[in-house]
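Peer 1: The domain 'Clp R' annotation in Swiss-Prot covers 4-144. Residues or ranges marked as region 'NBD1' in Swiss-Prot: 157-337. For 338-545, the entry in Swiss-Prot reads region 'Linker', with the evidence type similarity to another entry. Among the features that Swiss-Prot reports, region 'NBD2' is placed at 555-763. Marked as ATP 2 binding site by Swiss-Prot: GLY605, PRO606, THR607, GLY608, VAL609, GLY610, LYS611, THR612. The region 'C-terminal' annotation in Swiss-Prot covers 764-856, and the record cites similarity to another entry as its basis.
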Amino acid sequence: MNLFEKMTDQLHETLDSALALALHHKNAEVTPMHMLFAMLNNSQGILIQALQKMPVDIQALRLSVQSELNKFAKVSQISKQNIQLNQALIQSLENAQGLMAKRGDSFIATDVYLLANMGLFESVLKPYLDAKELQKTLESLRKGRTIQDKNDDSNLESLEKFGIDLTQKALENKLDPVIGRDEEIIRMMQILIRKTKNNPILLGEPGVGKTAVVEGLAQRIMNKEVPKTLLNKRVIALDLSLLVAGAKYRGEFEERLKKVIEEVKKSANVILFIDEIHTIVGAGASEGGMDAANILKPALARGELHTIGATTLKEYRKYFEKDMALQRRFQPILLNEPSINEALQILRGLKETLETHHNITINDSALIASAKLSSRYITDRFLPDKAIDLIDEGAAQLKMQMESEPAKLSSVKRSIQRLEMEKQALEMEKKESNAKRMQEILKELSDLKEEKIQLEAQFENEKEVFKEISRLKMEMESLKKEAERFKRNGDYQQAGEIEYSKIPENKKKEEELQRKWEAMQQNGALLQNALTENNIAEIVSQWTHIPVQKMLQSEKNRVLNIESELQKRVVGQEKAIKAIAKAIKRNKAGLSDSNKPIGSFLFLGPTGVGKTESAKALAQFLFDSDKNLIRIDMSEYLEKHAMSRLIGAAPGYVGYEEGGQLTEAVRRKPYSVVLLDEVEKAHPDVFNLLLQVLDEGHLTDSKGVRVDFKNTILILTSNVASGALLEENLSEAEKQKAIKESLRQFFKPEFLNRLDEIISFNALDSHAVINIVGILFENIQKKALERGINITLDEEAKELIAEAGFDRFYGARPLKRALYEMVEDKLAELILEDKVKENDSVAFVVENNEIVPKIK
């Protein structure tokens, strides 16, 4: 076996890289220096692993070696065929072969090559590191193992390569504090202490804090707050994607995983954490190969491997419950979503970390708003993750504003720029008539430039104060970490000096600057560094498209005027509007059932009396837009099979991927008015679907996804019993009796019983009709004003239109047609004939029992 056949795969790759480097630099020979540079360029190699454990500037060392290579002689005609290994390189490989034999290795590994030739590289390494320290680090990485296979040195420190040491991160204070979840952490420790099957698996929805629980365990181990059995354990998060990545040959993945398992067994103090553990099922499997789950099973069963898994309930059901052999090796720990109060405690615990990261102050009101608003409005995600995201994004937005130029200063600069351009234009014209305007511009420019100087000085002053506060906060954080480190090492004198001398001194300076900053804020500061509930409401608004004011306290005052606001659009239905207003007020006061929709109403009445218009008016009032009205025409659901369109087609049927018309619309706009129009025309089975919505406030679609209706208002309109409502000879009691009879015929009792309110809309009277004419005319008036034409309609004309267009049986709809014929058509003719132009006024008056336009 020659020298090259005795090299490990990694050393062979290093030699190939050195050869490519020599070709690139046009060097005639490959030297040990080329080998060293190739090792420094391999981020996964043993040399880089060793240097990362030492206080070395790797980039500076790399540049130093490169400058040495640049000194070598260059040859113009060089190719792979005529390049040679120089004598020094061959000698260095022979040196490594000698050391290999002494160590009992079967192949020359990369670390052996380095150790055997440390003298060759000493001159270039000396300015950056101690050669003896490097030797010690390389030896520690080997851990006394021998190289018996060509790829054995690729698997040195498999855990370091494929995992992240969470206990080390906890030691360096790089993990966020873990608040609560004590029961789950204690249960996890109990399982880990067991003799066999000592593998807990954390189950919970995405964002409830599964990974945080494991980080909490790592922190407790570092703080020695665990049972004696778990002291000195290391929690290492295994990255499965790194294990699979770059596995070129069949069996390479399995070999890597086996090396990790062997390393864990040998060390006996490692707890493996596999996040998204369901990915081990099928991971790395190929034809004739084993997946990760089957490789792990024997070690898990014997208790040789301490593993903590984390996955969602859905993935656990899909992968683990099908494989009983894998399932029984893990002990499940269920993590439920925390309550709003528990989430608030978590946020308060994270507050300091987030403040330090973003260099801002987070008010407690922002934390409360984050927990409450995320719980109410962001229904498709889970606490505490969604609340933390809100705070984080709000803080990032504030930080961005802090680091940008204030809006007030930008506005002044833009005004100066605009006036300067206008001044130049006037100077070019040289007209005497421009003299007055020029004087005004010069005066404005003088004032604005003075204001700009003041604002810039204020901005710089505020920036300086804020910068100093930020520096002191960072200093405070590092002092706390230092004190913690001294305590852990038992140096209580140094820890005491920091805690009782340096920290109070730092705090005093910070408090003085904070008082100065608060005084600036009271005097109208340009910069704002405090995150408030308004900032959080803005972020929620960006995510959900719900207007900001709807989420804040001011909305409650607005709801008190709901009746008068709705009556501006819906006329002659005072009783119906009062019933709607009461339900909305109950909800806003927090007295209604939070597990049901905000309100569920059945609107009864003849056609054209304002049932659909009431739903539109409600959407406009609550959400400032008719777009938040989800309208579904129930006459499209006459057949039984059409019902599936509401929640989505069943698996295997056309349209399964598209989802349901009702469920998809509510998922996209969870805060809206849902209008089911002409509900009596739908198939009776549709009402069975609605029972769950009315009772529990949610509906499960064809894919098994739960759609939340708790923030919707459900309105059903129907023409049932419209005959009784139109009958003038019946008393109110007789009408109600007739309505109840009609409802019993069309709807099931369990459906009617779940509705909040059954509201009857009366037939319109003549007074209401005249008011409706006024409302409809306002729409035409707005369109005319867009063209610069002002139009008016007198009372007599309104009465004439009401008389011509109103029909008791058809409601207010024919009024639109009457308005088109008697007003709009005549106005259109005048515009097209150029008889009416911009800034003209047209009055529509009655002459000889006919409406005629009068141009002014």
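Glycine residues also receive a Cβ, built from the backbone N, Cα and C atoms like all the rest.
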Peer 1: Tell me, if you would, which residue among THR607, VAL609 (binding-site residues) has the fewest other CB atoms within 10 Å in the structure shown?
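Peer 2: Least crowded of the binding-site residues THR607, VAL609, by Cβ count within 10 Å, is THR607.
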Peer 1: So how many of the residues in the domain 'Clp R' (4-144) end up helix, strand or coil by DSSP?
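Peer 2: Output for the domain 'Clp R' (4-144) reads 89 helix, 6 strand, 46 coil.
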Peer 1: Using DSSP, what's the helix, strand and coil tally for the region 'C-terminal' (764-856)?
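Peer 2: Secondary-structure breakdown of the region 'C-terminal' (764-856): 52 helix, 19 strand, 22 coil.
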Peer 1: Using DSSP, would you call THR607 (ATP 2 binding site) helix, strand or coil?
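Peer 2: Assignment for THR607 (ATP 2 binding site) reads coil.
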Peer 1: By a simple count of other Cβ atoms within 10 Å, which of GLY605, PRO606, the binding-site residues in the record, is least packed?
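Peer 2: Counting other Cβ atoms within 10 Å of each of the binding-site residues GLY605, PRO606, the minimum falls on PRO606.
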Peer 1: So among the binding-site residues GLY608, GLY610, THR612, who's got the most Cβ atoms within 10 Å?
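Peer 2: Going through GLY608, GLY610, THR612 one by one, the largest Cβ count within 10 Å is at GLY610.
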Peer 1: Test of understanding: give the count of other CB atoms lying within 10 angstroms of the CB of LYS611 (ATP 2 binding site).
Peer 2: 28
Peer 1: Using DSSP reduced to three states, classify THR612 (ATP 2 binding site) as helix, strand or coil.
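Peer 2: Reduced to three states, the DSSP call for THR612 (ATP 2 binding site) is helix.
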